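Heads up: the structure comes next, in structure tokens.
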Amino acid sequence: MATPMVSSAGGLLAMLNEPHPVLKLHALSNLNNLVDQFWPEISTSVPIIESLYEDEEFDLHQRQLAALLVSKVFYYLGELNDSLSYALGAGPLFDVSEDSDYVHTLLAKAIDEYASLRSKAVESNEMVDIDPRLEAIVERMLGKCISDGKYQQAMGIAIECRRLDKLEEAIIKSDNVQGTLSYCINVSHSFVNRREYRHEVLSLLVKVYQKLPSPDYLSICQCLMFLDEPQGVASILEKLLRSENKDDALLALQIAFDLVENEHQAFLLSVRDRLPAPKTRAVEATQAVETTIAPNENPSGDVQMADETPAQTIVHETDPVDATYAERLTKIKGILSGETSIQLTLQFLYSHNKSDLLILKTIKQSVEMRNSVCHSATIYANAIMHAGTTVDTFLRENLDWLSRATNWAKFSATAGLGVIHRGHLQQGRSLMAPYLPQGGAGGGGSPYSEGGALYALGLIHANHGEGIKQFLRDSLRSTNVEVIQHGACLGLGLSALGTADEEIYDDVKSVLYTDSAVAGEAAGISMGLLLVGTATEKASEMLAYAHETQHEKIIRGLALGIALTVYGREEGADTLIEQMTRDQDPIIRYGGMYALALAYSGTANNKAIRQLLHFAVSDVSDDVRRTAVLALGFVLYSDPEQTPRIVSLLSESYNPHVRYGAALAVGISCAGTGLSEAISLLEPLTSDVVDFVRQGALIAMAMVMVQISEASDSRVGVFRRQLEKIILDKHEDTMSKMGAILASGILDAGGRNVTIRLLSKTKHDKVTAVIGLAVFSQFWYWYPLIYFISLAFSPTAFIGLNYDLKVPKFEFMSHAKPSLFEYPKPTTVPTANTAVKLPTAVLSTSVKAKARAKKEAEQKAIAEKTSGPEKPVNESGSGKGKASTEKEGDSMQVDSPAAVEKKAPEPEPAFEILVNPARVVPAQEKYIKLLDDSRYVPVKLAPSGFVLLKDLREHEPEVLSLTDAPTSTASPATGTAAAAQGTPASAMAVDDEPQPPQAFEYAS
């Protein structure tokens, strides 16, 4: 008999008023099954059903059934709070495993409610009553996820609900614990907003990692770095270094390189100093050797060099185990101090330099001599274009032109050498010697070039200043000239970045208190650089002085300095940010925008974004509005795709300052990504009606397009041509021209071998890079700060290293067309008149003579029966002849079609074999593959950066790469040739420091 169709719930609802409990139970059971269909009708009787739930004489099961029914009715009515409240009353009848919209919606609501209560309890430090029934539902849900094998879902809920016990359970029970832990680290960086809670999660992960039979030490050390626990890292490194297994030592060296990539100088030095020295007898030997080498010690040499020599003597004096440890310790200390990676980067950038001097020549010729802004911009562009390559050919060839720089332009020109020679730690002092203050204050040279030289020393030793700090302090103390103080303050801030050195702080503070506008501005920035991320009490001292002084320059320097002190502190900086953003002085509010940007840098924190957007549209000062928009770039660089979307409306603002801020925000957060949306947003701004907006858009576009080839995005070629047009246009305004010149430098930065990277591969902020871009963005007020962009440059290189930290030759594959990632063609920027002069008249007699000579040469070659390999040389020679006289007589044209036919059918290969060390741009990383029969295997799979290699055929002799180095004896002419062709100048071991180029001075 078929079940009759129910057309109304009226009868069942009437039964609810019956006195007998069995009838009520029957009605509730059936209504529960029909509620999806008849909830509008049932909703009229909700008070009756509620009274049944509240009736304590009623059976528990029946009360729970009533609660479930009411919950479903409220769900359909859209009253989710009431629905959840009754669902909790339904107890086990609310089945978390049921696959229905009702259950999914209420579970989400329950988890949100529970998570917000747990967060509130922790953040307010107060007891918050949490309904045990709510907790029970969440726990049932977590248990179900774990039992169903949905570990990632369980971990997400556990992290959100601050249930670290359940998080640990989910990780341990998962089938791939290592993978689950990696996922968890990513989640904690991406989704955990509060810093303290993120630390709790990472501490738990370290605990779980350490319980594993074979811990992933690379990940553990990254977590410990986030937690700022140098002792933990030092213990792991010591354990690996003392291991008898060579692979463990390689792993320790790889960990050290990975930590160095995050650029946290104070942490790295702390780890280095905690690594225990070898046994006592070895230490005594060390001291003896140190006393003998002391007289020969180079005053500019880094402190670490003193540790390296004695380590070699220890090897012979201790037992083999300790000797091995001592040798490995020397290597790892060199890495942690940053020397090894800086040295290798310097050699890579020198040997692979592909900068195009023709571009600079074009800029120089098109810039009017009277225009000092464009003259300086050309010097900046040259420094950026050759950052870290040690190639100063352009300056040597144009000394007369360079000598036209006066006053602050001379300061900038000298400081530019610091960018070109960045990382030349051992020869930094000797390179800058001709310009440095001689014999105390006012040694006879120009104070501008002396100040610039001190700033240059800071740029050379940025974030690695152990060997130069004392010299800079002495220079600062021994002068009262504000220009020299300006350079010395910036140099000290750079070299002691983030070390919070009290003595240096006091020296800089005494300069600040002289109340000199020029020196005070640099002192304010320097204090910030020194105290980066310390969130120190000294910030309030700086703020108090900013209120006292009358100089805008000093207030601006201090405002930025205060912002730097709260770098990465997130909600810990909220009080200071509140204080600054409410200040009456617009310059301090401007500093407040930077404080917001840096405190929440790379977090994509909604609260910070909301505040910045609010100031961007509501502040009365254009400076503050511009900076508020620009600051979005810093908050969002970990999620660059978001930035163009968030600032797209602001980029169309009526206010040019807001448009400029939007351009630079995109430039900062999307730097080096070549993101299509970013380029589309910037394109209209490069032809804006306001000159400074065009300038900002051109610079931002270059930042986005750095290391992007024309083959991967045709707009890169269009942009290069646009820059050339602006530079060559006599009627273009100075602001745009300056933007175009700087953009040309950024586009080809570091000899076309560096990109701008704000995150390391382990998703840690690169402190130096973020700080560099923050100070660089101040160039609006002070052009010499442009050089800070060099701190954000990161080499696009794969540098494989063996156990001895040498660079062996080994091949690997880039599984993509070579044209996608090749260097730009060197002829991209022809000189203005070349195209017109190319067609030249050629006499027919000379054509015939050449043809005759060619024929004779070929016959002679056949007669001598030359060997096979020489034939292509002759062919290529004849090809050259054809190319150079392309439009000559008939006899030459006979060869042409054949040559064209030969070349035409060659298809481009689908892959490319690269040789270590190789240029690998970020977009190329996903195509990097190792060859199957390779002699070397990386300790960790990494497509770029410094990678330690395990040698599978140790008995075979090794061939080493990266032996090109600058020579000190090369004349300017040979230097030019070597730079243009990238030919090796002299062979040297990888451990040797490249020689400094010839010293030169330009007349004032």
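The backbone N, Cα and C atoms fix where each Cβ goes, and this holds for glycine too.
Swiss-Prot lists 965-987 with the feature compositional bias 'Low complexity'.
Per Swiss-Prot, N-acetylalanine is recorded for Ala2.
Residues annotated as phosphoserine in Swiss-Prot, with a large-scale study or a structure entry given as evidence: Ser896.
Residues 263, 265, 269, 299-305, 337-339, 342, 410-419, 421-425, 428-429, 431-432, 435-437, 440-442, 491-498, 501, 503-504, 507-508, 511, 516, 518-519, 522-523, 767-768, 784, 787, 790-791 of the same chain lie 6 or more positions beyond the ends of the repeat 'PC 2' (452-485) yet place their CB under 8 Å from a CB of it. Summarising the annotation, Swiss-Prot assigns repeat 'PC 2' to 452-485.
According to Swiss-Prot, the repeat 'PC 4' annotation covers 522-555. For the repeat 'PC 4' (522-555), residue counts in helix, strand and coil come to 24 helix, 0 strand, 10 coil, using DSSP.
Using DSSP to sort the residues of the repeat 'PC 9' (696-736) gives these counts of helix, strand and coil: 27 helix, 0 strand, 14 coil. What Swiss-Prot records for 696-736 is repeat 'PC 9'.
Swiss-Prot lists 739-771 with the feature repeat 'PC 10'. Sequence-distant contacts of the repeat 'PC 10' (739-771), counting only residues of its own chain at least 6 positions beyond either end whose CB sits under 8 Å from a CB of the stretch, comprise 186, 189, 222, 225-226, 258, 261-265, 348-349, 352-356, 359, 363, 367, 374, 377-378, 380-389, 391, 462-463, 497-498, 529, 532-533, 564, 567-568, 598, 601-602, 634, 637-638, 668, 671-672, 694-699, 701-703, 705-707, 719-720, 722-723, 726-727, 732, 786, 788-789, 791-797, 823-824, 919, 921-922, 942, 944-945.
The list of residues near the repeat 'PC 4' (522-555) in space but at least 6 beyond its ends in sequence, with Cβ under 8 angstroms from a Cβ of it, reads 485-487, 489-490, 492-494, 496-501, 504-505, 508-509, 511-513, 515, 561-569, 572-573, 576, 579-580, 585, 587-588, 591, 767, 771, 775, 778, 785.
Break the repeat 'PC 2' (452-485) down by DSSP state and the numbers are 22 helix, 0 strand, 12 coil.
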